[in-house]
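The structure appears right after this line, and notes come after that.
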Amino acid sequence: MTAPQPHTITPPTPGSKIVLIGAGDVGIAYAYTLVNQGLTDHLAIIDLDERKTWGHVQDLNHAVPWSHHNTRVTVGTYEDCRDAAMVCICAGAAQKPGETRLDLVAKNTAIFKTIVGDVMSHGFNGIFLVASNPVDILSYATWKFSGMDSSRVIGSGTILDTARFRYALGRYFDLAPTSVHAYVIGEHGDTELPVLSAGSVAGTSIHHRLEMIGESADEDVDEIFVKTRDAAYEIIQAKGSTSFGIGMGLARITQAVFSNQDVVLPISTLLQGEYGFEDIYIGTPAVINRQGVRHAVELQLDSEEKERFDHSANVLRKVMGEAGLI
């Protein structure tokens, strides 16, 4: 597939109107967080199940009086994309028990081609936020199908994996997760990796803290990461889907965009030479502001981390090639 022809780069549509496409568990968790935090003045929800969507819209509107915000929630159509500041895509085939995120490629790429085409044909000029799996590949597909500048297409990437890892490390060190600064990068999936070499806990490097604990600490952290990586499978087995963690992560990205925060978050974005790769969406820290992705932040990886990142990127490249995206 040839590279997309970007639109002339103009400022994204102002305001805070959001069109949410896909009212499943993830989409509605995101919608509830938007209403609760007052991150949008108008949320339009599009889903194939119009009756259920109507029910969600009524339920969310009934939460507004206690939110201290004046959010309007409506059943949306693609016409709503014309003046939307953001379109968040949570639609697509869901991950089933025992199914990997990469197993969803063919089904969801076809779905996305239709969705993104409908969004763009209605004059959308905002920022895409992609949450459907496999998110790195579908973020790349959204960039290709839309013709948008890559800064306008943000994937949720490893924002949830990083949250899970920080939470677990916080429990291990008996500290609040907000005192843990460590990233999970790479594919949002089985080949992701933690970057311990650049991580810190309460201002001290993670490696130093582990040395203070003793020999068993490295094995403990390895086990923590494995549980982080495989958490989705266990949660899906238990309750059918993951929703609250990713809903909050999507809201955090939305806040960073609409508040022009220039904050570093672990998302999926296009690499343009970082880590030695180009033309691939993958999880990495990046600076987020009102224009979307200002730039990716390349972490300094040790040799083992670099080898694992290269493997993750090459796995994604192989699947993208098989799907006809590159």
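Glycine residues also receive a Cβ, built from the backbone N, Cα and C atoms like all the rest.
Ser156 is the residue from Ser146, Ser150, Ser151, Ser156 that Swiss-Prot records in the NAD(+) site together with Val26, Asp47, Lys52, Tyr78, Gly92, Ala93, Thr114, Ala131, Ser132, Asn133. The maximal spread of the NAD(+) binding site, taken as the longest Cα to Cα distance among Val26, Asp47, Lys52, Tyr78, Gly92, Ala93, Thr114, Ala131, Ser132, Asn133, Ser156, is 25 Å. For Thr242 (substrate binding site), the nearest neighbour among the recorded positions Val26, Lys52, Ser156, His188, judged by Cα separation, is Val26. By a simple count of nearby Cβ atoms, those within 10 Å, the most crowded of the binding-site residues Val135, Ala163, Arg166 is Val135.
For the pair Lys52 (NAD(+) binding site) and His188 (active site, proton acceptor), the C-alpha distance works out to 29 angstrom.
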